[in-house]
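Here's the structure we're looking at; comments come further down.
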Amino acid sequence: MCYVKCAEFIGTILMSLSLTCITINILLFFPNWELKYFNEGQLSVYVNCLPGIVGGGLMVFLPSLYFVALDGKDCCGCLGHENCGKRCVMLTTMVPSAVGLMGACYCIIMSVLSILKGPRCLDVSGEWNYPFATVRNYITNHRLWGMCVKPPHITQFHLLMFFLLVGFGVLEVAFLILQVVNGAVGGLCGYFCTTVKKSRRTNHYDLPEFH
């Protein structure tokens, strides 16, 4: 079925996106490519929420494995129909799609909140806090970025990583919604089309031959 091939294609894309989200979240543990800030517990609380590892990562990666492996799945005899086969399988993709959507949305929400709050850093007063939490438009006002002293360039690093997570999370949502539609159409439409074809074959009769 073309619906199965489409699901496999979507699964391959989602697999790549989820692995990218996991990689980005891991990089967030190494600001300025140093591990000491993680060891000292000076990372943003949203980094520890693991939006890329859990949300946009594992919760999307596991459903993508299911989609990629659809070609080898079958469930003939389900719902009382002997030949439901791939149509039944397509309907079952709705559950992992929903799980993936929850994960991708979690990734987006946590990343947006992190962007709004800004990075945790050592500010000019010598304290570790969130200096941009109450500052508006810090994202576009580059002169404010100097409020963070350590880790070096943490504001740019923080914004880049979390904006990437938002972007990849949005892509995951789009492809998962596409798979929901693909699964519904492939399951329901495929079943009804087959039912109509069977009905037509049943009603068909041959004209008698005259010799």
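Think of each number as a place in line: the chain as shown, counted from 1.
Glycine residues also receive a Cβ, built from the backbone N, Cα and C atoms like all the rest.
According to TrEMBL, the protein has these features:
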TRANSMEM  12-33  transmembrane segment
TRANSMEM  45-68  transmembrane segment
TRANSMEM  89-116  transmembrane segment
TRANSMEM  160-193  transmembrane segment
Could you give the residue numbers and ranges of same-chain residues that sit at least 6 residues beyond the transmembrane segment (160-193) on either side and whose C-beta is under 8 angstroms from one of its C-beta atoms?
1, 3-4, 6-7, 10-11, 13-14, 17-18, 20-21, 24-25, 27-28, 46, 51-52, 55-56, 60, 63, 67, 81, 84, 86-88, 90-94, 97-98, 100-101, 103-105, 107-108, 111-112, 114-115
Close approaches to the transmembrane segment (89-116) from elsewhere in its chain (Cβ under 8 angstroms; 6 or more beyond its ends):
1, 3-4, 7, 14, 21, 44, 46-47, 49, 51-52, 54-60, 62-64, 66-67, 70, 73-75, 139, 158-159, 162-163, 165-166, 168-170, 172-173, 176-177, 179-180, 182-184, 186-188, 190
